[in-house]
Amino acid sequence: MDHFLYRDGILHAEDVALPDIAATVGTPFYCYSTATLTRHYHLFTEALSPLPHLVCFAIKSLSNLAVLKHLGSLGAGMDVVSAGEYLRARAAGVPGERIVFSGVGKTREEMRLALEGGIRQFNVESEPEMRALSEVAVSLGKIAPITIRVNPDVDAKTHEKIATGKSENKFGIPIARAREVYAEAAALPGLRVVGIDVHIGSQLTELAPFEQAYRKVAALTETLRADGHAIERLDLGGGLGIPYTRSNEAPPLPTDYGALIKRTVGHLGCEIEIEPGRLISGNAGILVSRVIYVKHGEGRDFLILDAAMNDLVRPSMYGAHHDIVPVIEPAAGTEAQPYDVVGPVCETGDTFAKGRPLPAMVEGDLVAFRSAGAYGAVMASEYNSRPLIPEVLVKGDHFAVIRARPTFDEILRRDTIPEWL
Ligand code: LLP
């Protein structure tokens, strides 16, 4: 459920009519709903209660400071994967003890930053990383709390580019080698083992792969405890999928996911951490765009929008589907016709949808891409020298621009022409 609904024939974000935002900030823009973010965060906290838990929002999915500030003030932790994300979480007021640091290639500078600034734990992904972290911690006179990310060799049954839990993927250490790696970690002077981490992929639409992975983690917890390790926390990753269409999709609900967690690892007495991104932010955001032209092509009509693949890359990159709806609700009984929905970027891959049924559209009409809150704005680029588009946050009947559209002057000023040219 989200808070983007038609009211009096006009698509609203909570109580704000989208044409009003478009008139103020111009198009295209991203628009997020505070109420949807809140609701989705609470679905997880309720699903995990009464287990001791921390929901660490995967800020790679949506990293605007205002969004992080809002989730942080609800009590959320943050899952970060770079110095930039760590600094964002801190700038949004999230204390270090609620931040977990994931990622296969943390640099020593990033380790130093997080150790000095405060961190709940590092989710370590390899032996070289583990040794580097120990050295950095010792050099700072600190002890780094760690989990080790294990790769359970489970097929997440999702798009191959976002599956991470198979043995051929670059993530984690093979679960079969966990005992020897934990033994080495325990012997390193700068580390303190606090738990186990696992994350098998994103946009999972079945629970079975989670169940397989979490059962393996439960067995490993017992084994490692028998070896003398203090396994107090289990970080179970993110990945729960969302419905991208209104009609036929019914991915598992957070309540089912919570019940699964209780069933598989609830008896171990561990604090549970999860790292959801998409389920919190995905349906909390839309991308609003305007029709520049309707072009009649050979046997097809093109809807040419002012948004392009540089603003929302998921369709070109993963063949992802996003529902596209007119901002002005079509009258009941209006016939739909197929459009190829494209952007202005100079390559054929700049196609959002082919043969998408929509009511007859004309220049100037507004459309909204649904489910664009996660991996939308954060994956945008300035390809074709198109400025990054603004982000707007709605709460009730008011909205604020939470990232302004840069001016061309600002963009051009970032480049330097050397004096010897
Ligand atoms: N934790 C770790 C260690 C991750 O790598 C990810 C996502 C998450 C948590 C959050 O997963 P989520 O709950 O959002 O599924 N750009 C792609 C998705 C990439 C996901 C990468 N890792 C897309 O647009 O579909």
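Using N, Cα and C of the backbone, Cβ positions are placed for all residues, glycine too.
Just so you know, TrEMBL annotations are computer predictions that nobody has curated.
Per TrEMBL, the features are:
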type	residues	note
DOMAIN	29-373	domain 'Orn/DAP/Arg decarboxylase 2 C-terminal'
DOMAIN	36-281	domain 'Orn/DAP/Arg decarboxylase 2 N-terminal'
MOD_RES	K60	N6-(pyridoxal phosphate)lysine
BINDING	G239, E275, P276, G277, R278, Y375	pyridoxal 5'-phosphate binding site
BINDING	R278, R314, Y318, E347, Y375	substrate binding site
ACT_SITE	C346	active site, proton donor
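On the structure: features taken from TrEMBL.
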{"residue": "K60", "record": "N6-(pyridoxal phosphate)lysine", "Cβ neighbours (10 Å)": "23"}
{"residue": "G239", "record": "pyridoxal 5'-phosphate binding site", "Cβ neighbours (10 Å)": "28"}
{"residue": "E275", "record": "pyridoxal 5'-phosphate binding site", "Cβ neighbours (10 Å)": "27"}
{"residue": "P276", "record": "pyridoxal 5'-phosphate binding site", "Cβ neighbours (10 Å)": "29"}
{"residue": "G277", "record": "pyridoxal 5'-phosphate binding site", "Cβ neighbours (10 Å)": "24"}
{"residue": "R278", "record": "pyridoxal 5'-phosphate binding site", "Cβ neighbours (10 Å)": "26"}
{"residue": "R314", "record": "substrate binding site", "Cβ neighbours (10 Å)": "20"}
{"residue": "Y318", "record": "substrate binding site", "Cβ neighbours (10 Å)": "15"}
{"residue": "C346", "record": "active site, proton donor", "Cβ neighbours (10 Å)": "9"}
{"residue": "Y375", "record": "pyridoxal 5'-phosphate binding site", "Cβ neighbours (10 Å)": "26"}
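Distances between the Cα of E347 (substrate binding site) and those of the binding-site residues G239, E275, R278, Y375 are shortest for Y375.
Candidate recorded positions: G239, R278, C346, E347, Y375. Those with a Cβ under 6 Å from ligand 1, in sequence order, are G239, R278, Y375. Of all the binding-site residues listed here (G239, E275, G277, R278, Y375), Y375 has the Cα closest to the Cα of C346 (active site, proton donor). Within the set G239, E275, P276, G277, R278, Y375 that the record links to pyridoxal 5'-phosphate, no two Cα atoms are more than 15 Å apart, and one pair reaches that distance. Looking only at the recorded positions K60, R314, Y318, the one with its C-alpha closest to G277 (pyridoxal 5'-phosphate binding site) is K60. Comparing E275 (pyridoxal 5'-phosphate binding site) with R314 (substrate binding site), their Cα atoms are 21 Å apart once rounded. When the alpha carbons of R314 (substrate binding site) and P276 (pyridoxal 5'-phosphate binding site) are compared, the span between them is 18 angstrom. Its Cβ placed at the centre, E347 (substrate binding site) has 12 other Cβ atoms within 10 Å.
Taking CA atoms as the reference points, P276 (pyridoxal 5'-phosphate binding site) and K60 (N6-(pyridoxal phosphate)lysine) are 10 Å apart.
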